[in-house]
């Protein structure tokens, strides 16, 4: 599976993975093979890297195969640094303190910080 990963900065890089690869394995592989052109955005641990596909965070055990990705096409995902994933039904905006910044997904290619 060919994945084009997009960082919050907008930088992109393509990676090739086996369909049985999990989101956690992708994060580890990207961390271990961090592109030179992303050097100023490297994180301290692969456990901080999270994938977003179709506006949803992928939990570590989800495989590419389970996502029923189109064969022979490049799939775009966002790669973000985040310590914890939100609860499945949480409403971040309603539970978040007003003073905490929030990362919102506007569409599949644009992120903004809001206060």
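In case you wondered, yes, glycine gets a Cβ from its N, Cα and C as well.
Where the annotation comes from TrEMBL, it is an automatic prediction and has not been curated.
Note that the structure is predicted; figures quoted are calculated from it, not measured.
If you check TrEMBL, you get these features:
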DOMAIN    1-97  domain 'UBL3-like ubiquitin'
**Asked** Mind checking how the domain 'UBL3-like ubiquitin' (1-97) divides into helix, strand and coil residues in DSSP?
**Response** 26 helix, 28 strand, 43 coil
**Complete:** In the domain 'UBL3-like ubiquitin' (1-97), averaged pLDDT is 89
